[in-house]
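Below you'll find the structure, written out as structure tokens, and then a few comments.
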């Protein structure tokens, strides 16, 4: 058998796939939780200051209610996304839905600072997609 002459890897391929999958899932989760650090950094960002009748206000300092909307948008998006993902998984298998979810999460994570400058509504929408 020619397969016996083939060089063998010291790490079975399934472990490599599991490790890569783990790293992808960690990256997805990190994209979601990074907003907590961003709240701290954005509140001290001087580029967010604007003049409101003689008072300087930082548009990146959110009220507790606004922070709740920003954080809960991910939960609602995850709930709806789980339903869609299960349907896509049944129809197409795991590879393409998982890959697409990673791309959408990465793109929305990149868009968060841009949308935060636009409005809180846009930020909440991007967080929902994330």
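In case you wondered, yes, glycine gets a Cβ from its N, Cα and C as well.
Those TrEMBL annotations? Automatic predictions, nothing curated.
Note that the coordinates shown come from a computational prediction; the quantities given were computed from them, not determined experimentally.
Per TrEMBL, the listed range annotated as transmembrane segment is 69-90 (candidates: 47-68, 69-90). Beyond the transmembrane segment (69-90), the same-chain residues lying 6 or more positions past its ends with a Cβ under 8 Å from any Cβ of the stretch are 32, 35, 62, 96-97, 100-101, 120, 123-125, 127-130.
Away from its own ends, the transmembrane segment (15-39) comes close to residues 62, 67, 70-71, 74, 98, 101-102, 105-106, 108-109, 112, 127, 130 of its chain (Cβ-Cβ under 8 Å, at least six residues beyond either end). Each residue of the domain 'Major facilitator superfamily (MFS) profile' (22-130) gets a DSSP state, and the totals for helix, strand and coil are 88 helix, 8 strand, 13 coil.
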